[in-house]
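Visitor: Among the features that TrEMBL reports, active site, nucleophile is placed at 45. Annotation comment: TrEMBL describes 199 as active site, proton acceptor. The domain 'PNPLA' annotation in TrEMBL covers 7-212. TrEMBL lists 11-16 with the feature motif 'GXGXXG'. Marked as motif 'GXSXG' by TrEMBL: 43-47.
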């Protein structure tokens, strides 16, 4: 039986810099590109930038440069919010003062996104241009988002299965704008088909389980040259790269801890807790076949937009690669994936049954 390897990158804003620092150092040690060692790469939000970057051929050096150049621009503060109404404009400073007694941070964020989606788009376009999902010829890649129009989770993917054929002509730029549209941080994103999308981290901030499900789908449903060679579920191996873990110690102000208190806190609490929770089933299902690389957030200042810690995060990623490099190189980087051919519209050798019961 063949072996099937998955590489997964968590969401987490600028803290994805840890992952690219890790990649850079690990590739230097191994003298090999990580994209050449995995059958499938999954990435959410900032992790999708790394995953699709690897898909189009970027190495660790390229991704570190992307984060260093683009991070400060993407997370540049917006100008002070000015209400449209003249009347509200006069009382707004007093409203800000009152609300700030309950809420931490700038309450301008209650009325608009914290950062400019225009800046984000410009930075992504600079690096990905007009590349489409079908242009990826290396590893298979999957990226989650939320389709707000349909009210359903969505998984974008390279055309390695018929279910992903509608994504083949999508620009990588559009996919990335969809999966990085974190509520309160950036505006939702409208795809070319008119559907509105938001950050995949709302339901799959740690995409390792998605990667495992995709591998099982390939194993169960796929027959033909474009598919992975037959592999046992016991031959699925996974490397996951995180964006920091935190032990929260919040002290809500009694029973009146409503939306004003929780709004600035909820994104960090939800995303970090979700990641930690999803690691448990992965360890249960894969046991010693999953390797998780992450770091402890030093303090509460290391938020999703903490560009002031960018260089430190990159260096922490490099340090993690030096610490775990020998083990990871031996366990994961000896693998040579079989290339896959893109599924064609007339592919009849795959029946896309959503049930994966028999795959388990």
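We number each residue from 1, going along the chain as drawn.
Note that Cβ sites are derived from N, Cα and C of the backbone, with glycine treated the same way.
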Visitor: Can you tell me the CA-to-CA distance separating the residue listed as 'active site, proton acceptor' and residue 45 (active site, nucleophile), as a whole number of Å?
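Guide: Given the Cα positions, the residue listed as 'active site, proton acceptor' is 6 Å from residue 45 (active site, nucleophile).
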Visitor: Could you please provide the mean pLDDT value for the motif 'GXSXG' (43-47)?
Guide: 98
Visitor: What is the number of other Cβ atoms found within 10 Å of the Cβ of residue 45 (active site, nucleophile)?
Guide: 33
Visitor: Applying a 10 Å Cβ distance cut-off over all chains shown, what neighbour count does residue 199 (active site, proton acceptor) have?
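Guide: Taking all protein chains shown, residue 199 (active site, proton acceptor) has 29 Cβ neighbours within 10 Å.
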Visitor: Name the secondary structure element type, per DSSP in three states, that contains residue 199 (active site, proton acceptor).
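Guide: Where residue 199 (active site, proton acceptor) sits, the three-state DSSP reduction gives strand.
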Visitor: By the DSSP assignment reduced to helix, strand and coil, which category contains residue 45 (active site, nucleophile)?
Guide: coil
